[in-house]
Amino acid sequence: MEWDNGTGQALGLPPTTCVYRENFKQLLLPPVYSAVLAAGLPLNICVITQICTSRRALTRTAVYTLNLALADLLYACSLPLLIYNYAQGDHWPFGDFACRLVRFLFYANLHGSILFLTCISFQRYLGICHPLAPWHKRGGRRAAWLVCVAVWLAVTTQCLPTAIFAATGIQRNRTVCYDLSPPALATHYMPYGMALTVIGFLLPFAALLACYCLLACRLCRQDGPAEPVAQERRGKAARMAVVVAAAFAISFLPFHITKTAYLAVRSTPGVPCTVLEAFAAAYKGTRPFASANSVLDPILFYFTQKKFRRRPHELLQKLTAKWQRQGR
């Protein structure tokens, strides 16, 4: 990333002499984003289709999963623009509005996924640790939909400043789309970026870990022989805990650690350009991990939902039988 000095001077801020060499983005991001698009688009469409065709058996967890898949699908639809941008050497020809929209969709998907995974985890905790309590069963699916509306409103409110800070600029006689903000606004973006990390990641992550720690304690206390149904339920809860924790660790933790470090360094006066470039490379190098949640989420869905895992096999068997009959 390089800062056009004219941008800083137009804003009344001192110019910078740092020039980032980020050729690695042209090599790393297009193939990674292409893989995420190729896998995430059909997988999330399949999840949405399967849940929508099972509306009578729609549970609260399925409602949260449906909204999670919608968030992933919206992000996947924005990837072609980013693939073209980085394949052309970080050249953005799509205009300022598209730049702001793409950056907003990335962070909306990121923090929407975090919140919906937290909702799924909390629902699993209630189902295992308080299965007979009437207070968490009131409202049924309607309550789950209200929670989803609240999540979307919260995500939009949290991420809307991203669309305000993101902008296009001129570097080396080409138009670029800034990710966080133009470097001239680094100190202005810093408080918002840190608040977004705390509210949009750390607090939900802490809530999710608390849910699964309590759930693990409950499962460990259930000693002695159990019925097959109970054993299957415990196994499902354990699988969910491991997979969700892994999804968080792979997708979200490296990205937020490097992003926080980069925000702190680039907002500190007098930091050498080589240090700034190193932190920028570390942050942007973990961006594919954050994008991978669009693929990990539907895999998580199929891994933990046995009845939905059976459907693709049943459909494949029906198609195979149909082709065999036609071939006779």
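Glycine is no exception: its Cβ is also placed from the backbone N, Cα and C atoms.
Candidates considered were Cys99, Cys119, Cys129, Cys220; the recorded disulfide partner of Cys177 in Swiss-Prot is Cys99.
Membrane topology as recorded by Swiss-Prot puts Thr49 and Cys217 together on one face. For the topological domain 'Extracellular' (84-101), the number of residues in each DSSP class (helix H, G, I; strand E, B; coil) is 10 helix, 0 strand, 8 coil. Below 8 angstroms of C-beta separation, residues 22, 25-26, 29-30, 33, 78, 162-164, 166-168, 171, 174-178 of the same chain, each at least six residues beyond the ends of the topological domain 'Extracellular' (84-101), sit close to that stretch. Each residue in the topological domain 'Extracellular' (1-27) has a pLDDT score, and their mean in this model is 55.
Nonlocal intrachain contacts for the transmembrane segment (102-122), taken as residues 6+ away from its ends with a CB within less than 8 angstroms of a stretch CB, comprise 61, 64-65, 67-68, 71-72, 74-75, 78, 81-82, 147-148, 151-152, 154-156, 158-160, 162-163, 166, 177, 179, 196, 200-201, 204-205, 207-208, 211-212, 240-241, 244, 247-248, 251-252, 255, 290-291, 293-294, 297.
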